[in-house]
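Chemist: Copying in the features that TrEMBL gives for the protein in this structure:
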type	residues	note
DOMAIN	1-381	domain 'Major facilitator superfamily (MFS) profile'
TRANSMEM	36-54	transmembrane segment
TRANSMEM	66-84	transmembrane segment
TRANSMEM	96-113	transmembrane segment
TRANSMEM	125-149	transmembrane segment
TRANSMEM	155-176	transmembrane segment
TRANSMEM	211-232	transmembrane segment
TRANSMEM	238-258	transmembrane segment
TRANSMEM	265-285	transmembrane segment
TRANSMEM	291-308	transmembrane segment
TRANSMEM	329-349	transmembrane segment
TRANSMEM	355-377	transmembrane segment
Amino acid sequence: MKRLWWALLTFTLGTNLSSPLYPLYQTKFHMSAADISLLYLVYALFLVPSLLLLGPLADRLGRKALIIPSILLMVVATGFFAFATQPWQLFVGRGFQGLAIGGFLGSCTALMLEQTDPKNYRFAVVLASFTTMVGMGLGPGLAGVLIQYVPLNPFQFPFLLHILLLLLDLIAVLSVKETFQASLQQRFQIALGVPQQVRRPFWSLIAPTSFFMYAFSGTAFALIPTFVVSILNIHNLAMSGVLLFLLMLIGGIAQLLVARVDLFVINNWGVILTVIGAFVLVSAAPTHSPLVLFLGMMIEGCGSGFLYKGSFGLAGQISTHKQRSQIVSSYYVAGYSGLIITVLLVGRLTSAIGLTYAFLCLAIALTLLGCVILFAARQIKATIS
């Protein structure tokens, strides 16, 4: 299990490794903030079909049969970033990253859980969720520190280091025994859809919450590094990377702290904290205060952790074992739809009215959607409980 835990951590580390470099790419390739947001959009557009199409293949071919090609694809994707001389190479690399994470994440998590002693199953589930969240934040944190303080090529060194870690992942996975018996006779089916009996709670509360959560987190990873440099005039590239790491770390810790709290309560507090954090972040622009920005990201981290714990927990609560894969897939599709739509709109608004006002529009939109979610939670609680 330790080898798979390490592979999960270091693989997910690469998904947002490029985030602190976005201001440098803007200078090197003459890219706008809207262009940078499209990089994140491409990642999500490739990730969603990858989750839906590649995930079910692991039930036919085995876990490692999907994990190993995904690691190799991530090596290729990281290579595109390390040796990029044109903007299109960044977009190709980002698309490959989306495909790779979609094939790797579910299969590696499943293999981890299948190798866990039944007595430790609940701990393994929490560990997998925590590791994934921290890994996605550790990437920009590590990259920011490396490009700011290590006197090596900032466009190559973080990615070459990640390629080395991926090769170690490959060795670790090859040494792990396959736990799933491949079945080519099993029917290939995309696990998407919501059974009729749970459509109301899912579409009224759970899906909007997933949309809400990913709408902010996606925008943060796409545009916070640019916000730090262009609006706050902070040119220490480690700053944005560490902020994104803390966003995910606090989100992971927040989930652990509320493990036994009512899911509706957690979800509602997640909505409230996310809205508050969004306005605190916007207020960092006129005050030019790194402390306000830091405070806003900490509040957002708690909000994101609560939202994920509450909404994902409710998705599991309303589903039977047979329905779970369908509902989980639909949950992530709703979430990444929020990411795609919001990043696209905020990118367009940035070109039209500037990054600060684009973030203000996002905060207002989150407030309105948050009110809808809080109202829906009151209506749905009696249905689920």
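Cβ coordinates are placed from backbone N, Cα and C, and glycine is handled just like the others.
TrEMBL: automatically predicted annotations, no manual curation.
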Chemist: Quick one: do the transmembrane segment (265-285) and the transmembrane segment (125-149) have at least 3 Cβ pairs under 8 Å, skipping pairs fewer than 6 apart in sequence?
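Modeler: Since fewer than 3 Cβ pairs under 8 Å link them, the transmembrane segment (265-285) and the transmembrane segment (125-149) do not come into contact.
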Chemist: Which of 66-84, 125-149, 291-308, 329-349 has the most Cβ pairs closer than 8 Å to the transmembrane segment (155-176)?
Modeler: 66-84
Chemist: With Cβ-Cβ distances below 8 Å as the criterion, list the same-chain residues six or more beyond the ends of the transmembrane segment (36-54) that contact it, or say none.
Modeler: 15, 18, 22, 25-26, 66, 70, 90-91, 94-103, 105-106, 190-192, 218-219, 221-223, 226, 329, 332-333, 336-337, 339-340, 343-344, 346-347, 350
Chemist: Can you name the far-off residues of the same chain, 6+ from the ends of the transmembrane segment (238-258), with a Cβ under 8 Å from a Cβ of it?
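Modeler: Here the qualifying positions are 16, 19-20, 23, 126, 129-130, 133-134, 136-138, 140-145, 147-149, 217, 220-221, 224-225, 228-229, 266, 290, 293-294, 297-298, 300-302, 304-306, 308-309.
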Chemist: Does the transmembrane segment (211-232) come close to the transmembrane segment (355-377), meaning at least 3 CB pairs under 8 Å for residues 6 or more apart?
Modeler: yes
Chemist: Using a Cβ distance cut-off of under 8 Å, indicate which of 96-113, 125-149, 211-232, 291-308 has the most pairs with the transmembrane segment (329-349).
Modeler: 211-232
Chemist: Would you kindly list the residues that approach the transmembrane segment (211-232) from elsewhere in its chain, counting only those six or more residues past its ends and only Cβ-Cβ distances under 8 Å?
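Modeler: Contacts of the transmembrane segment (211-232) (Cβ under 8 Å, skipping residues fewer than 6 from its ends): 16, 19-23, 26, 33, 36-37, 39-41, 44, 140, 239-241, 243-244, 247, 270-271, 274, 278, 284-285, 288, 290, 293, 297, 300, 304, 307-308, 311, 334-343, 346-347, 350, 355-356, 359, 362, 365-366, 369-370, 373.
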